[in-house]
Amino acid sequence: MKQTAGKPLKVALLGCGVVGSQVIRLMREQAGDLAARIGAPLELAGVAVRRPGRVRGVEVDPLLITTDAEALVTRDDVDIVVEVIGGIEPARSLILAAMNSGKSVVTANKALLAEDGATIHAAARDNTVDLYFEAAVAGAIPLIRPMRESLAGDHVHRVLGIVNGTTNYILDKMDSSGASFSEALEEAQALGYAEADPTADVEGFDAAAKAAILAGIAFHSRVTAADVHREGITEISAANVASAREMGYVIKLLAICARSDDGRSFGVRVHPAMIPRTHPLAGVREAYNAVFVEAESAGRLMFYGAGAGGAPTASAVLGDIVAVARNRLAGTCGPEESTYADLTVHPMGETVTRYHVSLDVADKPGVLARVAEMFAKQDVSIQTVRQEGLGDDAQLVLVTHRASDAALSATIEGLRELDIVRDVVSVMRVEGEDAS
Ligand SMILES: NC(=O)C1=CN([C@@H]2O[C@H](COP(=O)(O)OP(=O)(O)OC[C@H]3O[C@@H](n4cnc5c(N)ncnc54)[C@H](OP(=O)(O)O)[C@@H]3O)[C@@H](O)[C@H]2O)C=CC1
Ligand SMILES: N[C@@H](CC=O)C(=O)O
């Protein structure tokens, strides 16, 4: 619906937590500038929350607070609905109700978009309203819009990066100050980086949702969270971090979306990986995120910035509010979802990368030969071998050349069967060498 310039555009806010409270603050503090940029003032129509009496990070007129979110999103005078509740329900029903009532929607909800983006995008299209979601991936970093719009004329081969602030904060603290996993997680929660249930962060669900969204946009295909191979960081020990450090590596939780060589399929994965300390991603500290996008003509682009936290995320939300408000004034809508390519997602077993394998082995002659034979049997070539410790504490640390995940898994299974292998201590993918 075309809006008359000058008349306030009314914004309904769903959720007033870490992000929502900062959205209100920025809308208030920058009211004049925002009105000038949009061509009409923004006005907060109401704020839906779960616990109305709660003290918030921002002062809110009690008359604006409601627990009846559905009534708020369907109100005739509301133009734009901003969803920062999170999770699947009631967020999905509220967004659909809003769109079915002709409101444009801004959301930071990657979990919902990765779970059921098809329904939400279809509702936006059917109702000719906007769906903007810049804050859903990589916090403040402008990434969705460059990928949806600026790179729409290019052919993306690969998207690779750090897309979860909480896990990056934890791994960085473990690496730089020797903090324990739980201490670092508590700090990340206190700083407002973690999801309401931090399992989503540490088990990789949040990064997987973001990877699904990025892969869908990059490869013009429908991708859901279920398509993403996911491993979290809960198994990463202080010893793993220290051992990586000794070898000149740092451990990061990476999201990697990559087209196959024939271009007909792609893989999407989230897992911890060792990267060389000289790699640009190694310097991404605390809750910062960084994403490389590699495209045919553009080459390699790097996006870097604050990946989590109230104000940075609210910045992305505000950018979307401005875009949606401008569209409403112009009587237009932003780009629709593009899934025309309909490429298939290939299984993790077909992924090719390098591996760091640490084995607890018996200290006797012939051990190295038998271990090497097991790698050779699966056609996994060893690049380096190092022996650590002596006698009963001997460990073999091997780094492979590039091999498929299936071949590596079969090698590990075989190694577990050998009487000379007491334990497979750790297996970690190695990324980012040869500037890859
Ligand atoms: N925190 C971050 O750094 C980032 C978060 N995001 C995303 O932004 C969204 C919000 O995150 P965040 O602000 O951290 O979350 P919070 O948990 O801090 O806030 C959630 C808000 O939603 C409200 N709420 C919960 N359930 C309902 C309900 N049934 N009806 C109405 N309101 C409800 C809560 O109300 P009450 O206050 O009364 O409990 C609270 O105000 C999520 O999708 C998250 O993934 C995206 C990027 C970064
Ligand atoms: N919990 C998320 C918040 C931003 O998306 C993260 O840590 O990255």
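Glycine is treated like the rest: Cβ placed from N, Cα and C.
The NADP(+) binding site annotation in TrEMBL covers Leu14, Gly15, Cys16, Gly17, Val18, Val19, Gly20, Ser21. Summarising the annotation, TrEMBL assigns NADPH binding site to Lys110. Among the features that TrEMBL reports, L-homoserine binding site is placed at Glu195. Sequence annotations record features per position, and here TrEMBL assigns active site, proton donor to Lys210. According to TrEMBL, the feature domain 'ACT' maps to 356-429.
Across the structure, Val18 (NADP(+) binding site) and the residue listed as 'active site, proton donor' place their CA atoms 19 angstrom apart. With Gly17 (NADP(+) binding site) as the anchor, the candidate recorded positions are Lys110, Glu195, Lys210, and the one with the nearest CA is Glu195. When the Cα of Val19 (NADP(+) binding site) is compared against those of the recorded positions Lys110, Glu195, Lys210, the shortest separation belongs to Glu195. Counting only the Cα atoms, the space from Ser21 (NADP(+) binding site) to Glu195 (L-homoserine binding site) is about 16 angstrom. Proximity of the binding-site residues (Gly15, Cys16, Val18, Val19, Ser21) to ligand 1: a Cβ under 6 Å from the molecule is found for Gly15, Cys16, Val18, Val19. Nearest to Cys16 (NADP(+) binding site) in space, judged by Cα atoms and limited to the recorded positions Lys110, Glu195, Lys210, is Glu195.
Listed recorded positions: Val18, Glu195, Lys210. Those with a CB atom under 6 Å from ligand 2: Glu195. Most buried of the binding-site residues Gly15, Gly17, Gly20, judged by other Cβ atoms within 10 Å, is Gly20.
Leu14 (NADP(+) binding site) sits 21 Å from Lys210 (active site, proton donor), counting Cα to Cα.
Among the recorded positions listed here, namely Gly15, Gly20, Lys110, Lys210, Lys110 has its C-alpha nearest to that of Glu195 (L-homoserine binding site). A Cβ within 8 Å of the Cβ centre of Leu14, Gly15, Cys16, Gly17, Val18, Val19, Gly20, Ser21, the residues given for NADP(+), is found for these other residues of the same chain: Leu13, Gln22, Val23, Val49, Val84, Ile85.
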